[in-house]
Protein chains: 6
Amino acid sequence: MTRISILGIPNDDNSSYLKGAADAPALIRQELHSDAYSIWSETGVDLGAEGRLVDHGDIGFDGDCDPWELIERHVGQALASGDPLISLGGDHAITHPIMRAVRRRHPRLTILHIDAHPDIYHAYQGNPRSHTSPFARIMEESLADRLIQVGLRTVNDHHREQFRRFGVEVIEAGQMGAGIRLDIATPVYISMDLDALDPAFAPGVSHREPGGLSPRQVIDLIHAVGQPIVGADIVEYNPHRDISGLTATVAAKLLKEIGGVMVRNARMNAV
Amino acid sequence: MTRISILGIPNDDNSSYLKGAADAPALIRQELHSDAYSIWSETGVDLGAEGRLVDHGDIGFDGDCDPWELIERHVGQALASGDPLISLGGDHAITHPIMRAVRRRHPRLTILHIDAHPDIYHAYQGNPRSHTSPFARIMEESLADRLIQVGLRTVNDHHREQFRRFGVEVIEAGQMGAGIRLDIATPVYISMDLDALDPAFAPGVSHREPGGLSPRQVIDLIHAVGQPIVGADIVEYNPHRDISGLTATVAAKLLKEIGGVMVRNARMNAV
Amino acid sequence: MTRISILGIPNDDNSSYLKGAADAPALIRQELHSDAYSIWSETGVDLGAEGRLVDHGDIGFDGDCDPWELIERHVGQALASGDPLISLGGDHAITHPIMRAVRRRHPRLTILHIDAHPDIYHAYQGNPRSHTSPFARIMEESLADRLIQVGLRTVNDHHREQFRRFGVEVIEAGQMGAGIRLDIATPVYISMDLDALDPAFAPGVSHREPGGLSPRQVIDLIHAVGQPIVGADIVEYNPHRDISGLTATVAAKLLKEIGGVMVRNARMNAV
Amino acid sequence: MTRISILGIPNDDNSSYLKGAADAPALIRQELHSDAYSIWSETGVDLGAEGRLVDHGDIGFDGDCDPWELIERHVGQALASGDPLISLGGDHAITHPIMRAVRRRHPRLTILHIDAHPDIYHAYQGNPRSHTSPFARIMEESLADRLIQVGLRTVNDHHREQFRRFGVEVIEAGQMGAGIRLDIATPVYISMDLDALDPAFAPGVSHREPGGLSPRQVIDLIHAVGQPIVGADIVEYNPHRDISGLTATVAAKLLKEIGGVMVRNARMNAV
Amino acid sequence: MTRISILGIPNDDNSSYLKGAADAPALIRQELHSDAYSIWSETGVDLGAEGRLVDHGDIGFDGDCDPWELIERHVGQALASGDPLISLGGDHAITHPIMRAVRRRHPRLTILHIDAHPDIYHAYQGNPRSHTSPFARIMEESLADRLIQVGLRTVNDHHREQFRRFGVEVIEAGQMGAGIRLDIATPVYISMDLDALDPAFAPGVSHREPGGLSPRQVIDLIHAVGQPIVGADIVEYNPHRDISGLTATVAAKLLKEIGGVMVRNARMNAV
Amino acid sequence: MTRISILGIPNDDNSSYLKGAADAPALIRQELHSDAYSIWSETGVDLGAEGRLVDHGDIGFDGDCDPWELIERHVGQALASGDPLISLGGDHAITHPIMRAVRRRHPRLTILHIDAHPDIYHAYQGNPRSHTSPFARIMEESLADRLIQVGLRTVNDHHREQFRRFGVEVIEAGQMGAGIRLDIATPVYISMDLDALDPAFAPGVSHREPGGLSPRQVIDLIHAVGQPIVGADIVEYNPHRDISGLTATVAAKLLKEIGGVMVRNARMNAV
């Protein structure tokens with residue numbers, strides 16, 4: 001049986017505006033396991049099957065270690081089993097050290113990055129680890145072969161320069177129309193920022209940007225991935241902004257659908 | 001003039017997780033009649049026309065009678081006039097006794113069931129009347145010729161088995177794309193579970209399932225029905241989960257649009 | 001550099017049901033300038049560029065002047081620079097005196113009116129200035145060559161009669177399907193009523209009408225305008241009904257996108 | 001057994017700022033009868049006892065009659081049984097015609113008026129029936145012997161003049177300290193405006209005024225009434241401003257406590 | 001150093017109306033450890049001191065064991081260290097098996113039960129384990145020497161009969177006035193039902209009962225306990241009803257204050 | 001006539017956890033001037049009287065100047081008229097530079113600081129300007145003769161050490177009981193942090209701390225000040241956390257009551 005690893009990364013040290021994303025992992029897990037919902041994914045996978053989900057708990061950030069080293073090490077340990085991993089943020093900054101660990105195991109890799117923002121600033125307020133900058137670091141260190149950004153709606157001139165510099169493929173929210181086609185030939189990593197969704201669906205984010213995707217659009221996008229999904233993160237859920245728990249519920253739903261495709265595509269490969 | 005009967009069925013005895021749907025009818029009626037809204041449907045029907053809506057009040061469940069017999073009897077009485085009936089739940093379990101009464105008057109009948117969940121469990125926690133099971137009972141008793149389920153996003157293997165057993169036609173939320181075509185040749189009964197809508201539009205339900213339909217998609221679906229609508233129910237509004245009355249407003253809107261098509265299609269037939 | 005004028009018109013004297021829209025301008029401005037958001041529009045325009053936005057403040061309504069004369073005069077003054085103007089309501093009634101001033105400068109003009117309601121009642125409760133009536137006054141006084149209404153979902157027989165009388169072009173919400181084509185040959189004025197949006201996206205309005213547009217649909221509509229946008233209003237934000245500031249955020253976003261197209265199209269013309 | 005009459009008066013024609021209070025009666029009744037709550041009052045009275053509550057339904061305001069005459073007539077009919085009556089508003093304007101009917105049966109009468117505002121303007125915006133003016137009319141027409149206002153926190157100089165003119169006894173919110181003593185020798189009418197409560201407890205009102213009473217303070221005040229309570233109204237619940245139904249719940253609670261004292265004090269008198 | 005054990009008991013099987021309390025423990029823990037708050041109690045105890053809190057995790061209820069036996073066993077194990085224990089519910093039904101384990105270690109014991117409801121029904125809907133009945137079971141089995149109930153506001157005649165039968169000491173919400181004096185000579189167990197608080201402070205409960213205590217009143221009550229607190233539970237937090245996380249925050253605060261008195265009084269005894 | 005100066009200080013650079021307080025001034029002003037409320041204070045002062053409020057606008061922080069110098073300079077200019085000043089934050093860090101300007105005009109001065117937190121950390125995360133530290137700076141620089149802190153409920157050992165070092169007088173929330181007596185002989189400055197209020201009344205703050213004051217308790221405290229109030233600030237309103245605008249409304253109410261006492265006490269002195 002294909003197993004899926006879960007790892008909580010409760011770190012929001014590099015959020016520039018609102019902290020709070022560090023409080024997310026426990027709340028997403030709670031929604032995932034609540035009796036109020038079905039634990040089956042829409043792809044027909046029972047994520048509640050005995051042994052399916054292997055929860056590695058949360059990384060503890062209290063000690064003296066550098067958080068980036070801690071994240072890289074823990075993600076590396078979680079990946080050691082060969083099972084795909086879903087990390088629960090935390091803010092988007094954590095994707096940088098995650099990718100360092102992921103890249104070591106995957107010489108061919110495409111990142112599907114779903115977000116309202118490019119998060120590719122060279123630096124923000126002097127902080128190169130800012131949650132607005134992880135993809136600048138990731139591309140500088142060649143931690144992926146391709147970076148496809150979907151759902152953007154805050155692109156400025158600096159971003160466009162970075163896109164050119166790093167060869168980023170961009171599909172802005174306004175270009176999605178009746179759906180998009182992904183043409184990917186490598187294993188895939190999904191970096192899912194919840195503010196890609198319109199704030200009506202996911203109000204619990206630090207930066208609400210109207211004009212976003214619907215949960216259905218995001219689920220369709222995930223379902224459309226035809227290559228193995230070797231890892232994923234779900235980041236930027238900020239419970240301090242949530243309304244009536246709507247965002248925790250949608251985060252857990254996306255976790256189930258990402259997990260469902262991880263299992264479905266693993267089966268395909270096995271044939 | 002085509003009249004429309006309204007009947008409140010405030011019963012949530014068979015809700016497995018959250019009670020509260022029994023409190024819905026009064027709140028939906030309030031939104032329906034509030035001066036804040038237009039009482040015209042988008043199909044050009046004035047539901048506020050003198051005598052258009054015939055309100056049969058709420059069924060009282062305090063006595064010793066079996067609730068299922070009470071519902072069947074009251075629905076039968078409301079249907080006696082020959083006018084189409086819109087029932088206001090209550091939870092989804094009530095659709096079973098409603099259909100017993102509806103079926104007696106309609107030897108040819110298709111149920112258009114709009115929902116996040118199939119509600120076709122053989123039984124749930126030993127309760128065959130569970131709000132997760134009405135369509136198992138309905139199909140066992142042959143209370144409809146066809147059952148078309150639209151908007152599902154929690155299907156598991158047991159459900160698929162039930163689909164095969166009862167010949168259910170299923171259009172999952174992920175299959176709706178740019179719209180669906182309904183090809184129905186009989187009179188129609190619409191069973192409208194509000195959790196078919198994405199929880200951003202209808203947070204006031206007991207089981208929020210992201211990835212759902214928009215109100216516009218549901219209205220388009222209702223408008224697309226070309227056959228007479230002989231009855232309908234609007235169920236699973238749970239005011240205890242609502243945010244700022246959003247769900248009561250959308251329930252009243254759907255009532256108006258279902259009523260509008262009831263009148264429009266009755267006129268067509270009259271020609 | 002193309003400049004954009006901003007003018008607050010805090011007047012809700014003619015709201016028939018809920019006051020409160022007069023409190024909107026300050027809150028929309030606050031969201032516009034908040035550090036939480038990007039100030040770039042999706043059309044690639046930096047609205048935060050030095051001198052881009054020329055804020056004329058709010059009209060004061062405390063004195064003895066007739067509010068309609070005040071609005072007409074202040075809008076006229078703001079337009080004197082030749083820069084396009086975005087007015088922040090207030091309720092929809094203000095569009096009438098705004099158009100008097102706009103029309104004097106634009107002998108050829110099409111109004112793109114995005115709304116859930118036609119707002120073209122001959123009068124309401126005896127008030128010809130009602131916020132349900134501005135477009136009756138505007139068309140009687142020939143303040144535009146064409147009036148295109150998009151997103152309607154509360155049309156009644158009186159409205160249809162007015163449409164015929166004034167030659168209004170109407171695209172109801174149910175007709176928008178996979179997008180609409182605007183074919184406009186004159187300068188454009190956009191009158192943006194926030195209740196055109198579904199109440200899940202914009203709950204802060206006096207009359208919530210489910211089945212509405214998404215922010216993305218509205219933004220796409222704005223982006224599709226190919227002629228100069230000489231003026232616009234954003235009306236009917238009612239903070240007293242808002243949920244967690246969602247509607248203020250979406251109002252500011254629409255302001256940015258309207259402004260972005262104002263600048264983009266001005267550049268086109270300049271070529 | 002002491003019976004209590006209930007009468008819905010869904011009228012907000014004279015609200016100066018926000019309509020919506022007309023939508024209140026159905027929602028308060030729903031909370032009153034919901035299975036989620038106990039139907040016993042804290043005074044040990046079972047309001048759910050068979051026959052205890054006699055519901056006279058809602059007054060219909062659609063016809064041509066003057067609303068003030070309709071209210072006076074319906075209240076008179078409800079009082080004809082001799083049972084005490086609790087009216088559910090509606091805005092505060094309705095208390096004027098209610099008192100006309102009440103006064104005819106009670107030559108000795110004290111009004112205990114609990115509110116954030118004195119509602120004793122001579123007129124407001126030219127409307128002598130304004131919801132800010134009922135107690136001016138009531139005192140002019142000598143519809144009570146004494147008027148005691150409790151909980152006020154918006155008193156201005158005009159109000160103070162009216163207090164002197166009519167001999168109103170006032171206990172402002174800031175004077176309540178550790179409780180107040182009511183010294184009343186006549187039958188009592190309670191006029192309960194929900195905005196007397198602090199908006200944290202009752203956000204669903206048209207005019208939120210911080211610094212208000214707690215539900216416990218209001219209940220203690222009601223319990224402290226030692227004379228027969230011959231009538232009461234609960235007004236100014238505006239569902240359009242409510243948060244998660246908090247105000248409907250507190251309105252139903254106050255109804256139960258007023259009803260409980262009506263029964264308790266009737267028993268005392270019977271001894 | 002005095003240690004405090006924490007145990008999650010995510011069980012709401014016996015909630016009669018709304019499930020959801022089983023989702024509470026993770027959310028309370030999250031608020032307890034969030035960087036947004038101080039971890040010191042008002043009694044001057046640093047609950048964040050290394051080793052202070054010993055978290056025993058959550059009881060798993062998936063297997064075949066009787067939940068009551070599981071709870072009794074796990075609570076017994078947690079108490080084995082001699083440290084005081086704070087259990088996080090779950091609904092109030094769990095207090096019965098908790099007290100079986102607590103009683104074995106404490107031959108002299110007073111329960112301070114803070115609640116809106118007596119929860120002492122003989123049975124409810126035929127279920128003797130109902131969350132409305134734990135104190136009937138507890139007193140039948142003599143699991144405490146005294147039961148003091150504080151904050152009640154839904155007492156009916158059956159309850160009063162039970163009070164007499166079991167010698168319960170009751171302080172209703174309406175009797176609390178300017179504070180109460182507790183006169184207790186034995187070790188104390190605190191059973192804290194969050195609906196004791198007024199719903200403005202703790203909306204996230206299954207049964208909102210206005211007229212409740214303020215957080216300050218409850219904290220003062222906890223601080224006033226002069227005897228050792230050997231155990232406590234915090235129950236009936238229902239995240240599905242919460243508004244903006246208010247109730248999770250107050251639950252974590254009460255945990256800190258109960259823990260602070262546990263430590264403070266242990267020090268007193270040590271002297 | 002006594003005038004009152006208003007100055008917006010939209011700065012949250014030194015908030016350690018959530019930004020957002022910089023968005024507050026516009027929203028508080030909006031509530032202050034909204035037609036929904038009375039502009040009279042409870043002390044009988046008409047703050048809407050022509051010329052009463054002198055609004056100095058908001059400080060602009062975009063340039064290169066040190067924000068602390070900017071604040072000190074602008075506050076100094078606003079104070080130059082001799083009128084008392086109410087500053088609208090912004091986070092609590094701004095009180096430090098404000099006091100530098102205030103102190104220059106007032107050689108005898110007592111600060112009445114109403115807050116959940118002491119905000120007297122020596123430094124926080126290495127930032128001596130942290131919003132947790134202003135009163136350390138203020139006392140080091142002897143910017144007041146006395147510092148009285150009221151409403152605290154997060155005191156730790158470091159705080160207590162600072163209290164001793166600076167001679168701070170502290171009245172924790174748990175000590176307020178039935179009210180407190182202020183015995184002040186100098187002019188007074190009020191520093192009002194909105195999180196002093198219980199989060200049910202003021203949810204819109206970055207750090208919600210249950211067990212807080214009611215608006216009535218705070219208003220009573222303000223009314224009890226018998227000496228001239230020469231300045232005040234209202235800080236830490238964070239709109240990004242607010243629920244339905246509750247906190248903006250209470251901030252405007254407190255502004256009115258502080259202003260009312262400023263005028264009342266100025267009159268006293270004039271006699």
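These residue numbers are counts, starting from 1, taken along the chain as shown.
Note that Cβ sites are derived from N, Cα and C of the backbone, with glycine treated the same way.
Since this is a predicted model, take the numbers as computed values, not measurements.
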Subject >> TrEMBL annotation, Mn(2+) site containing B:D115, B:H117, B:D119, B:D193, B:D195 - matching residue among B:H92, B:H159, B:H223 >> reply: B:H92
Subject >> Cβ-based neighbourhood (8 Å from the centroid) of the Mn(2+) site, residues B:H92, B:D115, B:H117, B:D119, B:D193, B:D195 excluded >> reply: B:H113, B:A116, B:P118, B:H131, B:A196, B:V235, B:E236
**OP:** Just name the binding-site residues among B:H92, B:D115, B:H117, B:D119, B:D193 whose Cβ comes within less than 8 Å of a chain D Cβ; none is a fine answer.
**Re:** none
**OP:** State the count of C-beta atoms found within 10 angstroms of the C-beta of B:H92 (Mn(2+) binding site), not counting that atom itself.
**Re:** 30
Original post:
Where does B:D193 (Mn(2+) binding site) sit by DSSP, helix, strand or coil?
Top reply: strand
Original post:
Near B:D193 (Mn(2+) binding site), which residues of its own chain have a C-beta under 8 A away, given they sit six or more steps off in sequence?
Top reply: B:H92, B:H113, B:I114, B:D115, B:A116, B:H117, B:D119, B:V235, B:E236
